[in-house]
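Undergrad: Summarising the annotation, TrEMBL assigns transmembrane segment to 28-46, 66-87, 99-124. Residues or ranges marked as region 'Disordered' by TrEMBL: 189-211.
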Amino acid sequence: TQTYYEDVEKNGTITSVRKLGYKGSMNVLGLITFCIVFGILLSRMGRQGQVMIDFFSVLTELTMQMVDLVMWYSPIGIMSLICAKILAMDDPDRIFAQLAMYMVTVILGLIIHLGVLMLIYFALTRQNPIIFFQGMLQAWLTAIATSSSLKCYPTSLYMAVSFNDPHPQCQAIHLPPLEHLGSPPSDRYSGQYRCGQRTQRRPHHHADGPDRCRLSREDVSLLLTVDWFLDRCRTSINVLGDSYGAAIVQKFSQKELDAATERVNTFNPQISDKFLVQSG
């Protein structure tokens, strides 16, 4: 039994109504509760539970090696999918034109989004956003390579601290929540999905999403292969947005940071130097 939301249309208006019922999906809350209790009891067992801890450690390492193996062979699999779809196409010119227009639309939107971020940074800090982008270039390239803002976080923190040397603690505090919460491209895609979902849920129209959008079910895999590249572009813009946001927060918190640094140096001058060495 779970709490879920269902879209209900009344008087031409679609609203989300919260309901309580059975859903055929994974019970995430129960799984989390079980893992917490399991971990607490396992930690209390001492040496008796060491065998189970070693088992999960080996299982984690084995899973990571399998994931690395899949990541190394994923380009070959993606190219195989693309080649198979190209050979099965009746009109490849039309499909490639549609995919190219889709890619141009997404990339153009990301460029506009990056331009807005730079304008906001310049308007609030009166500093050159291009120079800041050059300082974050390594983090931007890492985001493109890994397609993960969390994996890019150490590089982002290092570049932000190196670029904003006076107060690295500001970057260390504000970058982690921005990495989790500040996902402008993902939010934009979620909004588009939500609008499309509401549009499709009209009465007397029971067709699925691809049929309603006049997309062939066989061509959906092509869209996913193209999105493999676009996801890296979205992640790179997300990382830059987080970095610009942390820099803006540092600009407006300059006085408080200076006062805090002076207090730390007054009580223990070695603390600030130690933090700077560890961050750099």
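A Cβ is built for glycine as well, from the same backbone N, Cα and C atoms used for every other residue.
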Undergrad: Let me spell it out: take the transmembrane segment (28-46), skip the flanking residues so only those 6+ beyond its ends count, and list any with a Cβ under 8 Å from a Cβ in it.
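TA: Here the qualifying positions are 52-53.
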Undergrad: Mind checking which residues of the chain, 6+ beyond the ends of the transmembrane segment (99-124), have their Cβ under 8 Å from one of its Cβ atoms?
TA: 130, 132-133, 184-185, 188, 222-223, 226, 229-230, 233-234, 237, 240-241, 244, 247-248, 251-252
